[in-house]
Amino acid sequence: MTINTKNIVVVGAGVFGVSVANHLYRELGGTYAIKLVTASNYVYFLPSAVRLTVSKDYTKSILPLKNVLDSGIEVIKDTAASFDDKEVVLGSDRAIKFDILVLATGSKWADPIGSTYTFGDNYKEYFEREASRISDADHILFLGGGFVNCELAGELLFKYLEEIRSGKKRISIIHNSDKLLPDSGLYNDTLRKNVTDYLSKNGITLYLNTVGASLDTSPKRIFLGEGSSKYIDADLIYRGVGISPNVPVNSISDLCDKKGFIQVEKNFRVKAVEAGNVFAIGDVTNFRYHGLVKRDNWVDVLTRNVISSLQEGTEASLVDADCLETGHAPSGVSLGPNAGFGQFPLPLLGTINIPSFLISRAKSKNLFSDKMEPLFKK
């Protein structure tokens, strides 16, 4: 009989958390106890979540956790309230000691996307409420024209096209650059211009090179710049300016960068933890790129590095992941089920632009929902 005397704790049940837990269990399950901390009995697939604002087909974005998690992994339904380099304290005040900790806590996505931290098991109630708010609103305003808000606007444009054209329903975006999508170097100007032009030409009102400001006394009024007298009123305002990393409370000095992301090496080891037994992966890290393009490489590298750390400690020779430190990222922006634009960087040739019909076929139609289960499970 094997006695599990050592704990590997994974916090977060997104694609990376579940995948890493599965891989570690398959490699180490006979020797180590693999524990997964999650706030929900379900997993939530963010790439297809934008369509839940206009559709109730939850099966394309939500799955029971048990369907994608190896059965030998211990599920702890709770939240991580705090942690140090020895233990995680849960929301229930239970403390779990660990030999290795993997933080895959992701980001806190604003409404109407949310997360399992937001809605737990009550996803139907959450999305039905958001869909109702959207349906009832005459003017919907997005603060920030990043990737998710552009895709949300595309979904609403498809759903409410006739109402938008008639002026019965208005959708606006305030963005701090001259083109939509982040001016971060991940997206080329052609992709950004294509997305901007498509939304603008189809009735979405854009306020570019502008930062929205609000007052507590007028929550439905957004001023077009700090100190500006110009403003717009909207009965539904969604604030989506960048992602907000979901980092549990801790007292570890210099754990996060100025934006709140956990600082990690390219091997996923957390820089601020001298013991070398804490790793982080996914949206919670300070990697330049956040997404699933490198999912297979990242999961394999982290699994290998955790095993090396268990065997050799701080002296372990860890391998680096391909983290897209420079250049453009392979990207497809869906703008409803029948529209979208994309780009793909090629060695020596540079970044090529992917025709809209190919993005529509490859991504927009199903938003990768057909790949959801394997991305968690494999």
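Note: Cβ is positioned from N, Cα and C throughout, glycine not excepted.
Here Swiss-Prot flags 7-25 as transmembrane segment. Summarising the annotation, Swiss-Prot assigns FAD binding site to GLY12, ALA13, GLY14, VAL15, PHE16, ARG51, LYS56, ASP283 and lists sequence analysis as the type of evidence.
Sequence-distant neighbours of the transmembrane segment (7-25) (same chain, 6+ residues past either end, Cβ-Cβ under 8 Å): 32-38, 40, 43-46, 65, 68-70, 72-73, 80, 83, 88, 96-106, 116, 246, 248, 281-284, 292, 295, 298-300, 302-303, 306, 375-378. When the neighbouring Cβ atoms lying within 10 Å are counted for each of the binding-site residues (ARG51, LYS56), the highest count belongs to ARG51. In this view, ASP283 (FAD binding site) is surrounded by 23 other Cβ atoms within 10 Å of its Cβ, with every protein chain counted.
Long-range Cβ proximity for PHE16 (FAD binding site), meaning a same-chain Cβ under 8 A and a gap of 6 or more residues, is found for ALA104, GLY106, ILE281, GLY282, ARG295, TRP298, VAL299. With the fewest other Cβ atoms inside 10 Å of its Cβ, the least crowded of the binding-site residues GLY12, GLY14 in this structure is GLY14. Sequence-distant contacts of VAL15 (FAD binding site), defined by Cβ-Cβ distance under 8 angstroms and a gap of at least six in the same chain, are VAL43, PHE45, GLY282, LEU292, ARG295, LEU375, PHE376. Of the residues the record lists as binding FAD, namely GLY12, ALA13, GLY14, VAL15, PHE16, ARG51, LYS56, ASP283, the two whose Cα atoms sit farthest apart are 26 Å from each other. Reduced to three states, the DSSP call for ALA13 (FAD binding site) is coil. According to its DSSP assignment, LYS56 (FAD binding site) is coil. The Cβ of ALA13 (FAD binding site) has 28 neighbouring Cβ atoms from other residues within 10 Å, across all protein chains displayed.
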